[in-house]
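Colleague: Have a look at this one before I ask anything.
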């Protein structure tokens, strides 16, 4: 496949790609330098004048994932090099990068991962049909027929695919539907976090970058929301380059691809990934140089800003007044004729799933705290309490626990509005709302921890349940208030993101040509900080902000979706509560952990708590056991209550026969029995045989004709009173082996009942008391279940 890439991406074409990337970065760099000065002016002005929204009632934790990892487990990966599936150990640190290792031992030895995946821009899929639909859209001229099979043949019915419009695709699979759901939730969380890579704390670089990207796309005629505005700045810039470059390459290279449909699709994916990596490498270096150049000028720009702030503010207000006189009549006409009638329907479409999602988050937090209260009432002990509080601490970052809230937001439907207002996809708003849900959950958990910790220090542990209840009530009240504030802000921002691009596009033909004459009103030394285009957009925003504010306010006044009115201000009974934000997270394991000689076990217990979600893998077992399995007591936060008991009962109902994919053994004895299976065989022996276990080397022929190696023989001998009874029993057992399975058990039971005095000799490799009921890996034809009649497995 390397020849395919080199043949279609020769030196001249690579030079063309480099030149196109350089041109885009040059145009973007000019815009960024201007927007950087404007963003710095807005930041300094805000710093001097102050202001801001309502203060949050919940506490905010600065670095919630410090010292934690997210996930680890095993799954199967498809290797495109040899077109085979191989088991891989997956480790996800708190950066949410997906690191793939050959085995867990390779990870434990701190070796470099085989592959490290940054999930920005990816989509996590769970069906080959959905993947093929997206794949066919990448090559419009090469479409698969419905009957065509994909070039990837998944060995199980539960695939997991990471799809990207430009970069390499990754294929995984698991063996059960339950594993697929959990892995899918984890992969979605990785994508969600990686897409949200622009830091809001960087109040100069981030606004300058986003405004530059938006203005660049507007110059190219793209005014609507952009789904590929995700990831770090270099990744977004690579997407910006490929937005126009990839269609050109596809039209030039696509018709030249040879082979079958699947081969052409695979070849195009390899070419697209090579182009993406080349562009990303270039944008990384050039963006870093651009930021360094702007940061070097920041001290001098800051000094000029603070000296000329009054003149800058006065000049800006004067120019905005002139622009408003030109734009407002046209904007108000457009607003009345094409926008006002849609505000209510857009807002309702946003409010319904968003409010349900925040309500689910509230219920999840409530249920977790109730479980902690139950444990304190039932005398669960300090160790159990510390374990539950540690689980609660990472609740916001547990993708399976948070999935119920996330799924509510995924039901957002803007169909009918997307075409009118040029909304590329509702995923932009879905991802933003899910990030806000996670932030609110973490704020609620952190506030509860701080309140409970302070109450325990002041009052002790005597009224633990009462203190938990009081802290819970306070946090729920604060969550309801903050949830209303956050949702109202989200609704206003979403409406602006939908409506403002539409208004700018409609007003551009009549207003944009008039803007250059306003530049003459700005002094030359102030022109770096005051851009006419930015002031024009501010005027358009002001024209529609009043209607948007009134629409959200009316929804709050009517108490729709549990929104609070703006006039309601929740007074804080504890003015010093926000001082606790500087306090680090409580180490509940240290506070309630056991002391003394159990130090080694306690250290290991805390070590497992460092991982938010834990799934184990069993090294050295056959492939089905290598898949990600759960073990009770190891998983940090169980996804469902009664998880294992329910699953066992369901599997027994659906599959009454032997299980082809047994669950993980729960004890050392069961694991030993899997590695060294125990087979009971009845053989005649000498009368003077004694009871005991002997080491031997030999083989035995089983019922299915296989030769099994024997390493230990355990003989059990009792006094034989009737030689004829023994012979009759042996003959009956030989006949039973040849009969139907249904008749076998009953016949042998009758033979055993008729000859109660006879006791046959037996060979045994271990205790049968710990028989786990798992199918023997070395002899899958024989299954020994717990409590079954031993004579059902007898072989001559």
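Cβ coordinates come from backbone N, Cα and C, glycine included.
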Colleague: Can you say which of 593-617, 618-642, 643-667 is given as region 'Disordered' in TrEMBL?
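Modeller: Going through 593-617, 618-642, 643-667 one by one, TrEMBL gives region 'Disordered' for 643-667.
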Colleague: Based on DSSP, tally up the residues of the domain 'PH' (68-192) by helix, strand and coil.
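Modeller: Result for the domain 'PH' (68-192), in helix, strand, coil order: 32 helix, 40 strand, 53 coil.
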Colleague: Averaged over the domain 'PH' (68-192), what pLDDT does the prediction give?
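Modeller: In the predicted model, the domain 'PH' (68-192) has a mean pLDDT of 88.
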